[in-house]
Amino acid sequence: MTRKPLIAGNWKMNLNHFEAIALVQKIAFSLPDKYFDRVDVTVIPPFTDLRSVQTLVDGDKLRLTYGAQDVSQHDSGAYTGEISGAFLAKLGCTFAVVGHSERRTYHGETDELVAAKATAALKHGLTPIVCIGEQLEVREAGNHVEFNVNSLRGSLAGLSAEQIAQTVIAYEPVWAIGTGRVASAADAQEVCKAIRDELGNLASADVAAGVRVLYGGSVNAKNVGEIVGQGDVDGALVGGASLDGEQFATLSAIAAGGPLP
């Protein structure tokens, strides 16, 4: 099964809504429409930028999509600071990132909570980008494949095969996020293949063949081609490089198979 590459730009806690508009305009200007036939491109801004991004995308009829950096496991109620999937759906979001390593590290999010958030996202018509990844000590001990397979099981616990088919999985080794250190293409392929194999166990071979598995961790225009060229890597969750409109457009074009815009 041919899987269309996905390039997702996670802006993290950067850019106000004015800056968000400028960046989306830059990406749209730098990446001609023809590339979107061969690659899906999405931006993941802070919550406060989403309405502005929605207005621009809808008004200019851009093929770029957008999503949220997190979603509550709750639908509504007395949950101060939480953002419901229903709210995000109203804002036109396509994706919701769940279980990013920074959420797991700084907010103590567990696989169980990530599974609940993924379920909530799906309930509201959002595609969850379910993030897993190991710390450096796990990698150095040689336990990275086992760790990620176990984390995948926990982060998809309770989801049906049909629901799993609607997810995106992002492998983001924690030691490579924002550090400049990048897993080799072979490292990325090793874990992404193990993820796909486990998806086959959790759902079916057909589901596993259709789910997109991304790599995240210091991805840029120089390394994205080799990484996305691996058989089980279907795109990238991009951090810092997604804040540069030209570079993000360039790496999206590379993921589409070129030529450069």
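Heads up, the Cβ atoms here are built off N, Cα and C, so glycines get one too.
Cross-referencing GLY59, GLY67, GLY178, GLY258 with the substrate binding residues that Swiss-Prot gives (ASN10, TRP11, LYS12, SER218, GLY239, GLY240) picks out GLY178. Look at GLY240 (substrate binding site): DSSP puts it in a helix. For GLY178 (substrate binding site) paired with GLU172 (active site, proton acceptor), the C-alpha to C-alpha distance reads 11 Å. Secondary structure at ASN10 (substrate binding site), as computed by DSSP, is strand. Distance from the CA of SER218 (substrate binding site) to the CA of GLU172 (active site, proton acceptor) is 9 Å. When the record's substrate-binding residues ASN10, TRP11, LYS12, GLY178, SER218, GLY239, GLY240 are compared pairwise by CA position, the greatest distance found is 14 Å.
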